[in-house]
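Take a look at the structure below.
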C-alpha cells in the first residue's frame, strides 16, 4: 500500500509505521502530566502492595526493641491499608513533579548537564510527594512495629498528643533520606537507559528499563541505609524522647553509640532486596504503562 506525504513523494505503509513509532518514542521520553500521573500511580501501588512484607521486616530490624520484640514474622501485613491507599497518589505526585521539572529545566539547560536536571527534578519530586508519604509512613511503621493494633488508633493518639504536626514528625529526616537516594537513583537510571538505548539503536523496552531501575534502586538503597535507620527511629520514638525531636545527626549518633556501625546498617539486606525488586517492578510498570498510554494518544492524534 502506498501513500503520498506532504511533499508529494510516495511513502510506503512500512515507512509510515516507522515514522509513527519514532513519534511514540519521542512522546514517551517526555510524557504529559496525565500520563505521568496515571503511570506513576499504577507503578506505585504495584510495588507497595506486592513487596509490603519485605518493608515490614526491614522496619522491625531497625526498631530499638529489635526484630523479635517488634513482632518477628507475625502480622507481616500490619499497616498495609494506609500504605495501599496512599501508594498511587504518592507515586503519581512524585512522577508528575519529576517529569514536569525535567521538561521545564530541559528547555533551559544544555544536554551536557542532563544529570543535574535529573537530580533537581528527582529532589523536587521527593519534597512534594513527602507531603503524602510522611504521614502514611508514620502510621504504617507504627503498625509494622506493633506499637498499635489499628491505623485509626495511631492517627487518634498522634493528633491527641502531638496535634496535626505530629503526623509530619520525621518529614525532614524523610526528605534527607529521599533526596540523597534520588540523587543517586534517578540519574543512574536515566544514564543506564540512555546507554542501553544508544547501544541497541532504539529506546529501551519496559523490561530493559526495569533492569536499569533494579540496579539503580538497589545500589542507592544500600548506600542510604543509615539515613533510613535514623528516619525509622525518629518516627517510632516516644514523644518524650530526644529522638522524637527529629534531628538526623542525633539519631545517627544514638544508634551508633548503642549498636555501632552494624546498627546503622540494620535491615540493609531486606531494604536493598525490597528496593531492587521494587525498582524492577516500579520502573518496568511505569515505562510499560507510559508506553501504552503514549502509544494510544499518539496514534489517535495521527
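Using the three backbone atoms N, Cα and C, a Cβ is placed for every residue, glycine included.
Copied over from TrEMBL, here are the features:
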type	residues	note
REPEAT	31-104	repeat 'Solcar'
REPEAT	113-195	repeat 'Solcar'
REPEAT	204-292	repeat 'Solcar'
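DSSP places the residues of the repeat 'Solcar' (31-104) in helix, strand and coil in these numbers: 54 helix, 0 strand, 20 coil.
Under DSSP, the residues of the repeat 'Solcar' (113-195) split into helix, strand and coil as follows: 74 helix, 0 strand, 9 coil.
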